[in-house]
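*Asks:* The structure follows.
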Amino acid sequence: MSTSMKLIVEGMRCQNKCARRIQEALKEIPGVESAEVSFKDKAATVIVAKGQSVSAVDLIQTVRGLDAGPNKQYDAFLPGDDRRARTIVLHVEGMSCMQNCARKVETALSEAAGVKSARVDFPLKQATVVVEPGSRITEDDLIATVQGAGKKFVASVEVNSPRTSSSPTASQSVAPTKLPSPNTTPSYVQPPSTSTKGQVTLTVAGMTCNSCANSVETALRTTPGVLSAVVNFATESATIKFDSKTIGIRSLVEVVEGIGYDAAVATGNAIVQTSDNRQVEIAMWKSKFFIALLFTFPIMLMMTLFDNIPEIARGLRTPVVGIPGSSWNNLILFLLSTPVQFYCAQRFHVEAWKGFKNRALGMSFLVSMGTNAAYFYGLFSDLRCIWLQDASFGAPDMYMTSSMLITFIVLGKTLEAIAKGRTNDALRKLFDLQAKVATLIVPNADGTTDEKVVAIDLVQRGDVLKVVRGGCVPADGIITQGEGRLDESMLTGESRPIKKSVDDNVMGATMNIDGLFYMRVTGVGRDTALSQIVRLVEEAQTSKAPIQAYADQIAAVFVPVILVLSTATLLVWYALGTFGFVYPPAHTSVFLFAFNFAISTLVVACPCALGLATPTAVMVGTGVGAQLGILIKGGEPLEAANHVNTVLFDKTGTLTNGTPCVTDVVVVATDRNTDDLVLLAASAELGSEHPLGRAMVNHAKLLSKPLETPVTFHAVSGKGITVVLTNETVHLGNLDYMAECGLNVDASVARHRQRLEASGKTVIYMGLCDDVVALFGISDAPRPDAKNTVAQLHGLGMAVYMVTGDNRKTAHWIADQVGIPTHRVMAEVLPSNKVAKVQELQAAGLVVAMVGDGINDAPALAQANLGIAIGAGTDIAMETAQMVLMKSALKDVVIAFDLARTIYRRIQLNFVWALGYNAILVPLAAGVLYGVHIQIAPMFAGAAMAFSSVSVLTSSLLLKWYQPPTDDALEAIANHATPDERTPLLQV
């Protein structure tokens, strides 16, 4: 009796070649009666002749030995006996360090029965486990192993890793034989991607100024495989694009850690993570400040109050018993200042040493150098007094100098951390709007439904939710029953409640002011409009404005220059004092006199203010914009908006309402019925997404007759369509398209065309058989606020242009209605040619902002110096626009320019302050005005440095109180309109 064996075969790419090759090879094995291989089923069925002995090993090795082509391999194994090793990826929470936690988890997994190897990636919070071939261990077993390694460890299967059965299938026709296994393959293998580009955001801890950020950025950019890197000091983050074939995320983390900073992959919600990190930082600085104050305050009392009370002063100057040359005063000052120097300033010293090793000198290095110089000079003076047995050589002021320097600087860092935490308040408020629970409608088997309150994280696409009056919409969706009035101001800036009914879209995090409705969920988690807004603003805040390059250039040389100046200051004043050109104050040596000037110069310099000038203003400003429904994608569009002098509007849907309607139907064929032609035209437009096509369909609905589904549909962009119906071929489009189709045009058509275009209507021609049979007049009225908006832009000194695919007469009529000069109208422009029109304006030396809907105008938006997408609604993630306006209100274009220019002016003000501070105080600290008795003591130099960065942050935080221009202010701008100012005529 013949024996049948079945194999699972992988690696085949087709039936004709691969499957046939394997089939022929199996047939040639001695003892095989027949073989059949199916590419579709990935299986081979082999019949072994009666009395013949053919093992599964023979069959499998035959398959594996075949040439599958370059870098390809066939694999075969018995059903239910996958002989490949599996790779399971777990997400592990609760690990706080690499040395102990990660290794403990890794050891526990490696020692589990059936595990071939295990590796834990601490930055990614992942455990990659390779399971032995044939092992019965499951994901649940591995999760239990992780949790058994420590109560704080929590594991779960990564979303890309499918769960496996707890017991593998054992049924098979032939007993399994131990086979050589091919390369280990992960259990969640995905089809190979054509892209090797990756992107990751890292949180970087330990940066104290812009010089640190530059060092991290330089280290990343010079790493092989890194395509780009942007490090933001204000957000303490690094956004890196890299070639995943060359380098991975772990290596990027190691690069940052290699130059002395702590790095980790930004996981979860960046706002929450940043807020949590900021709270930890604030608590740390507060603790260090209070400890510094606790020890510094007695030092101040001793040096100021007690020193002027003779009885106390004499007691403090008494030598310590058995130590000639010493004093209780110096000993107490040493004991009080030491904790301040080495505990409260520990972070500065550690980061200064790391920076020194990696040639990345920043603010920490200046602080460490200045305070250590003062402290150790004081200690050196004490030791010299003991050595010479003469207390007059002491320098107790140095202990107070170092302690007060550190106290003031730590106070400044505390205030800076608090202020940084507030720069993201607007975005955090947006995120906090999200509902925490939802009312889920659960259907029962008997047709009834129940209501169940579930956590928002458990809501999924397709769920039906109930939203009551006063409730928060839990997710994005479509209303299926009922109606409500929604407050969308928190997302779009629209102050008036919007009425929503069946089939209307609703956005998560908006409030139902009145009514009750049921909705079907269409977007959850990262797919909601709120999440997209938050993500877009986060990306904007981590980007760099071009103006930031100036700060980066200054930061690159800032610390070395200050070190040179400080050294020169020491030498110059020492020389002046030694040769009698100046006389130090009484009881002060020449060296100590010069030393104070050098320390003041060292610690007064502040690179932090420069580094914070741009990113903090961008953070606050973009957050405010998001609250107003104006999404600004980073610092670059802010600069572009400040230089724009020309605004180019798309007509349809931007300057007009975007809801065209058919107003005239002119039939020029005597043998055709008007209603029949309307139905034919609407049937042809069923396959069109063009607004004019939808207008035809809506007009036909008035006839209450069914439309015919097109058989074929062919569209020519910017010209027209040709559609085959059951009994007719319909041509619809402009006059040029009619000519291209070879249709005859009656003499009366020109007369009707002139009449319709004179009233500002778009003319659509309809052709049947060989003739143009009808004309449709379609009107799209200008928006009510279009004229005022154009006038306001003119009042801001901008030239306003309009581009449209419509005919010249209609375009001129619309332009005349909204106040655009006719010589600035670009009519009869195909969608593909809008880019060329933008380029023409740019070639004339104009800086162009393009305003459109963000979809049809995408190429022109990308070409313009500033692309503005208006009326985005829930589609806020348009790639080509640099600004996205959530509402369809045209006045938001003016407000967007006003906000962007306000933010940019604030950035400029911050730069003026930061540069002016250093330009004025560094020379003062060096003693240039000492001749007129103006000198900055080291302790006050440190205070000035600490508060300089706080002042920049405060300046940026003032943007939180930005108010859009009022209607009266906009009207005043419009009254100054001069449409022809400063722009050349462009005849089109």
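Heads up, the Cβ atoms here are built off N, Cα and C, so glycines get one too.
When I checked TrEMBL for this same protein, it listed these features:
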type: DOMAIN; residues: 3-71; note: domain 'HMA'
type: DOMAIN; residues: 86-154; note: domain 'HMA'
type: DOMAIN; residues: 198-264; note: domain 'HMA'
type: REGION; residues: 159-195; note: region 'Disordered'
type: TRANSMEM; residues: 289-306; note: transmembrane segment
type: TRANSMEM; residues: 326-348; note: transmembrane segment
type: TRANSMEM; residues: 360-378; note: transmembrane segment
type: TRANSMEM; residues: 398-419; note: transmembrane segment
type: TRANSMEM; residues: 554-576; note: transmembrane segment
type: TRANSMEM; residues: 588-613; note: transmembrane segment
type: TRANSMEM; residues: 911-930; note: transmembrane segment
type: TRANSMEM; residues: 936-959; note: transmembrane segment
*Asks:* Any chance the transmembrane segment (554-576) and the transmembrane segment (588-613) are in contact, meaning at least three CB pairs closer than 8 A with a sequence separation of 6+?
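*Replies:* They are in contact.
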*Asks:* Select the range from 360-378, 398-419, 911-930 that forms the most Cβ-Cβ pairs under 8 Å with the transmembrane segment (289-306).
*Replies:* 398-419
*Asks:* May I have the DSSP-based helix, strand and coil counts for the residues of the domain 'HMA' (86-154)?
*Replies:* 23 helix, 22 strand, 24 coil
*Asks:* Summarise the domain 'HMA' (198-264) by DSSP state, stating how many residues are helix, strand and coil.
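*Replies:* Split by secondary structure, the domain 'HMA' (198-264) comes out as 22 helix, 25 strand, 20 coil.
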*Asks:* Cβ under 8 Å to the transmembrane segment (911-930), counting only same-chain residues 6 or more beyond its ends: which ones?
*Replies:* 547, 550-551, 554, 562, 565, 569, 573, 582, 597, 600-601, 604-606, 609-610, 612-614, 936, 941, 944, 948, 951-952, 955
*Asks:* May I ask which of the stretches 326-348, 398-419, 588-613 has the most CB pairs under 8 A with the transmembrane segment (936-959)?
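*Replies:* The listed stretch sharing the most Cβ pairs with the transmembrane segment (936-959) is 398-419.
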*Asks:* Find the average pLDDT over the domain 'HMA' (198-264) in the predicted model and report it.
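*Replies:* In the predicted model, the domain 'HMA' (198-264) has a mean pLDDT of 85.
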